[in-house]
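Everything below concerns the one structure shown next.
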Amino acid sequence: MENSQLVSITFLAYTIIISIGSINCIDNNNLVTNQSALFVFGDSVFDAGNNNYIDTLSSVRSNYWPYGQTTFKSPTGRVSDGRLIPDFIAEYAWLPLIPPNLQPFNGNSQFAYGVNFASGGAGALVGTFSGLVINLRTQLNNFKKVEEMLRSKLGDAEGKRVISRAVYLFHIGLNDYQYPFTTNSSLFQSISNEKYVDYVVGNMTDVFKEVYNLGGRKFGILNTGPYDCAPASLVIDQTKIRSCFQPVTELINMHNEKLLNGLRRLNHELSGFKYALHDYHTSLSERMNDPSKYGFKEGKKACCGSGPLRGINTCGGRMGLSQSYELCENVTDYLFFDPFHLTEKANRQIAELIWSGPTNITGPYNLKALFELN
């Protein structure tokens, strides 16, 4: 309990300090000019609450208890017990918490520090959970509106400078590979795995290029983690509990290889394009397979859920308010908070690797280096 209170007090103090700094920045154009913003795109790994404000299902929202229990003491829409990776990246960059794009009453000046466009369930393909989420293409369109607003409010030159100095952080693609199997689709009977992955990665690199054409130069990207072996995946086949969901395994591996090659091509083709690619697959696999090395007791069992490994995603009544779920006693023992999403403790560890990890895990730049670039 004392540790939990200390974390909350420390986070509150950080928030107050950053908020005071933000007020100064709003009043002083020079400080705005010299501070790199953070723009976030992606899915539930990064969604800070955008899905709270769209007409969708409870299964792609997390605005209910016990989500948010650790740091915020109430649900925020983040799919974790506390903070997500972008929250920690913002802290390390001395930025305020990056607000969801759809959150009401955001002052325009706050956008100078960045915006979070991510949406739980989103994919790089428009058809992934269509009508229920904000897909990557729509997230890009929302960014374009913010870019226009910044140029209008700050002036064309200053707005362009905010965009060019900003870091653009992405995690997307996993839902594109899971979605066909949640709908019993016959998709892969009519298209090869490789062609499908080409579509996903192609959509991602197209968005990177469009952000580049708008002035963006610094990109942080996570490859796809081993979610074929997450608690939810380990219980899909009830006759083979703890077996990874093999149909997705090949897609994930192919995705990560093609994403790396795509980024290398962009780096060659686009002058000034710089990127930090985090090997999320490796960093998460290491923690799943050897949790005690990283301070966890459970690497493949969720803190919140039901059934074997708490792998059925009923956390907080996600699949219906009448459905029961179990909640662990000590969330810091767990890598996964719910059957698919990490605890705050795990998110912090991953964020640290993205921020200042060595080149074999985040490269050719890390985010700290990107933020320091003029």
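Heads up, the Cβ atoms here are built off N, Cα and C, so glycines get one too.
Annotation comment: Swiss-Prot describes SER44 as active site, nucleophile. Its Cβ taken as reference, SER44 (active site, nucleophile) is surrounded by 26 other Cβ atoms within 10 Å in the chains shown. SER44 (active site, nucleophile) falls outside any helix or strand according to DSSP and counts as coil.
According to Swiss-Prot, the active site, charge relay system annotation covers ASP338 (among others), on the basis of similarity to another entry. The Cβ of ASP338 (active site, charge relay system) lies under 8 Å from the Cβ of VAL79, ALA302, CYS303, CYS304, GLY305, ASN313, CYS315, ARG318, each on the same chain and at least six residues away in sequence.
Marked as active site, charge relay system by Swiss-Prot on the basis of similarity to another entry: HIS341 (among others). HIS341 (active site, charge relay system) has a Cβ environment of 27 other Cβ atoms inside 10 Å. Under the three-state DSSP scheme, HIS341 (active site, charge relay system) falls in the coil class.
Marked as N-linked glycosylation site by Swiss-Prot: ASN34 (among others). For the recorded site, ASN34 (N-linked glycosylation site), the DSSP three-state label reads coil. Cβ neighbour count for ASN34 (N-linked glycosylation site) (all protein chains, 10 Å cutoff from its Cβ): 12.
Marked as N-linked glycosylation site by Swiss-Prot on the basis of sequence analysis: ASN184 (among others). There are 6 other CB atoms within 10 A of the CB of ASN184 (N-linked glycosylation site), with all protein chains counted. Under DSSP, ASN184 (N-linked glycosylation site) is assigned to coil, being neither helix nor strand in the three-state scheme.
Positions annotated as N-linked glycosylation site by Swiss-Prot, on the basis of sequence analysis: ASN203 (among others). Secondary structure at ASN203 (N-linked glycosylation site), taken from DSSP and collapsed to helix, strand or coil, is helix.
According to Swiss-Prot, the N-linked glycosylation site annotation covers ASN330 (among others). ASN330 (N-linked glycosylation site) counts 9 other C-beta atoms within 10 Å of its own C-beta, drawing on all protein chains shown. In three-state terms derived from DSSP, ASN330 (N-linked glycosylation site) belongs to neither a helical nor a strand segment and is classed as coil.
Under 8 Å, Cβ to Cβ, and six or more positions away along its own chain, ASN360 (N-linked glycosylation site) finds ASP279. If you look up Swiss-Prot, you'll see ASN360 (among others) marked as N-linked glycosylation site, on the strength of sequence analysis.
The signal peptide annotation in Swiss-Prot covers 1-25.
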Practice item. Find the one among the recorded positions ASN34, SER44, ASN184, ASN330, HIS341 whose C-alpha lies closest to that of ASN203 (N-linked glycosylation site). Key: SER44
Study note, to complete from the structure: Closest by Cα to HIS341 (active site, charge relay system), out of the recorded positions ASN34, SER44, ASN184, ASN330, is SER44
Practice item. Take the C-alpha atoms of ASN184 (N-linked glycosylation site) and SER44 (active site, nucleophile) and report the distance between them in angstrom, rounded. Key: 22
